[in-house]
Amino acid sequence: MKCSTFCFWYVCKIIFFFLSFNIQISIANPQENFLKCFSQYIPTNVTNAKLVYTQHDQFYMSILNSTIQNLRFTSDTTPKPLVIITPLNVSHIQGTILCSKKVGLQIRTRSGGHDAEGMSYISQVPFVIVDLRNMHSVKIDVHSQTAWVEAGATLGEVYYWINENNENLSFPAGYCPTVGAGGHFSGGGYGALMRNYGLAADNIIDAHLVNVDGKVLDRKSMGEDLFWAIRGGGGENFGIIAAWKIRLVAVPSMSTIFSVKKNMEIHELVKLVNKWQNIAYMYEKELLLFTHFITRNITDNQGKNKTTIHSYFSSIFHGGVDSLVDLMNKSFPELGIKKTDCKQLSWIDTIIFYSGVVNYNTTYFKKEILLDRSGGRKAAFSIKLDYVKKPIPETAMVTILEKLYEEDVGVGMFVFYPYGGIMDEISESAIPFPHRAGIMYEIWYIASWEKQEDNEKHINWIRNVYNFTTPYVSQNPRMAYLNYRDLDLGKTNFESPNNYTQARIWGEKYFGKNFNRLVKVKTKVDPDNFFRNEQSIPPLPLRHH
C-alpha cells in the first residue's frame, strides 16, 4: 500500500514536471509555437504569396504601418504584433484563430486600419494581426441587386465595382474610400445615403463569420441572434468577418450638389447654423444638407500666423438644379443659393467629390481613384462624436465654434450631420445601432496634427470641447458611435470579476438598450471571451449563464 502510494505520487510528480516544462516552453515561445501550428494551414502550392510576417521580416514594418491611418499609433512605444497574417482565403483565418487559441495569443483584425483608437492593430498583451488586405473581392449580381464583399475591400472598391456593373446602383456606406468594409459595416456605417436607405448594417443580408472554434458560419448556420449582433454590434466581438452579402440600392443617374463657403463673423455664422439645426433633419430624404467648420492657418499682412475658420454648407440632392435652388430659396433663403453654386454630377462622381480626394473645382473625375488603397497624406488625429436631440442655444453655439480658435487645436474640424429621413422609421432594436428617431443631428469633433510630441496637447483640446458640450447633447446616457470608438468612455479590466458592470458604462452609450442582448449573444457564442479588447462585449460570468 505504501509502495503503491509512493509510486503514484512519484508518477504524478514526473507527469507534473513534464506538463510544467511543456507549458513553460509554450509560454516562452508563443511566436514559434504559433508559426509551427499555422504552417499546416499554408497551401503547398502557394509559393509567391507572402502570408506571414514576423518582426524579423524586412517587410514587417511596412506591412504594419501601411494601413495605420492614425499616426498617433506609429511610435516605437506602440505595442507591436508578434506576427502579421495576411490571409488569402478563409482557411488562413481559421488557422489563425485556432493557433492563437492554442498558444495563448490575442487576435486583432484589420480591414482598412481606420479604428480611431488603433484597436484593430494594437493590444496590450502578446497578439497576432489578421490583416485582410488580400481578401478584397467584390462580386456583383445585378439581377438580384446584391453583392458579396470580402471584409478586406475598401469602400472605394465597393463603390467602383458596383458602378462598373450598373451606374444606377450603389450602397449606403461612408465617404472615405480607404475605410475597410469589415469594420465599417459591422459598426453601423453611415454616409450620403443614410437618410434614404439607412446604414450599411441595415442593408446586410448575409455574412460569412469564422467563430471561436474556427467554423465558417453563414446567416442560416449562425442563427438570427448572432446575425443581428454583427450588424452594428462590432463583428470583432464574436469572430472574424470574412465577407458580407449586401443589398444594393437605387441611385439617380444624376444628382445635384453644392458646397458654399461662408466668410463671416461667428455671431453671424451662428444665425445660419441655428436655422440649419432646426430644419436640416426635417427635409425630405431626397435632400442631405450638412455643414462643417475647419481651421486654416494663414499669414496676415504683418507676416504673423493667424487662425481662421472656413465654414461650408454642403448638399446632395436627388433631383435637378432648378428644383434644388427653388427648395433652398423657399426653406433657407439666408444661404442665398444660386444656380451657379450648384453642380450636376453622376452618382459615382458625387461619391468622389465628397471623398476628399479631389478639390471643388475639379471638372473631370477619374473613378479609378477609388481603387487607391494608400489613402494619401496621413496625420495624427483624435475624434469624438455626439448626438443632438434639441437645438443648441445660439450663445452656446458661439462658444463651441470659438473653440476652433484656441491655441491647442492643431487643425480642428466640427461636422454637423443631419438625421431624419428613413432613420426615423427604423426601430432602435432592428440592429444593435440604436440612434434613430428623435435625433436631429450628430456632431463630429476632430483634431489632427503632425508632431507626435503634441499628442497630449491636442487630445486635451478635444476633451475640453467635449466636456463643454455636455449639457447640450444626448443625456442619460450620453450616446456614442462604435465606429468612432472612444476609450475615454471607459475600458474593461479583464482581471476584474466585474467585467459586465464596467462594460455597461460605455456599452449603453454605444448600444443603448441593445447592450444586454449583445451580452447574451456573446455569452452564448464566445463564453470564454477569446475575442476581446478594451471595449469588447463581455460574456456574463458562469453563474449567470
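Even glycines carry a Cβ here, placed using N, Cα and C.
As annotated by Swiss-Prot, signal peptide applies to 1-28, with the evidence given as sequence analysis. What Swiss-Prot records for Cys37-Cys99 is disulfide bond. According to Swiss-Prot, the feature N-linked glycosylation site maps to Asn45, Asn65, Asn89, Asn168, Asn297, Asn305, Asn329, Asn361, Asn467, Asn499. Swiss-Prot lists 77-251 with the feature domain 'FAD-binding PCMH-type', giving sequence analysis as the kind of evidence. Under the heading substrate binding site, Swiss-Prot lists His292, Tyr417, citing similarity to another entry as support. The active site, proton acceptor annotation in Swiss-Prot covers Tyr484 and is backed by similarity to another entry.
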Legend entry - DSSP three-state assignment (helix, strand or coil) for Asn305 (N-linked glycosylation site): strand
Inset, instruction - Sort Cys37 (disulfide bond) into helix, strand or coil using the DSSP assignment. - result: helix
Legend entry - Among Cys37, Cys99 [disulfide-bonded residues], residue with fewest other Cβ within 10 Å: Cys37
Legend entry - By Cα-Cα distance, the member of recorded positions Asn297, Asn305, Asn467, Tyr484 nearest Tyr417 (substrate binding site): Tyr484
Legend entry - Inter-residue C-alpha distance, Cys37 (disulfide bond) and Asn305 (N-linked glycosylation site) (nearest angstrom): 58
Legend entry - Pairwise CA distance, the residue listed as 'active site, proton acceptor' versus Asn329 (N-linked glycosylation site), rounded so that it is a whole Å: 35
Legend entry - Inter-residue C-alpha distance, Asn329 (N-linked glycosylation site) and His292 (substrate binding site) (nearest angstrom): 21
Inset, instruction - Measuring C-alpha to C-alpha, could you say which of the recorded positions Asn65, Cys99, His292, Asn297, Asn467 are within 10 Å of Asn305 (N-linked glycosylation site)? - result: Asn297
Inset, instruction - Mind giving me a neighbour count for the residue listed as 'active site, proton acceptor'? Other Cβ atoms within 10 Å of its Cβ, every protein chain shown. - result: 21
Inset, instruction - State the count of C-beta atoms found within 10 angstroms of the C-beta of Asn305 (N-linked glycosylation site), not counting that atom itself. - result: 8
Legend entry - Neighbourhood of Asn65 (N-linked glycosylation site), C-beta criterion under 8 angstroms, separation at least six: Thr74
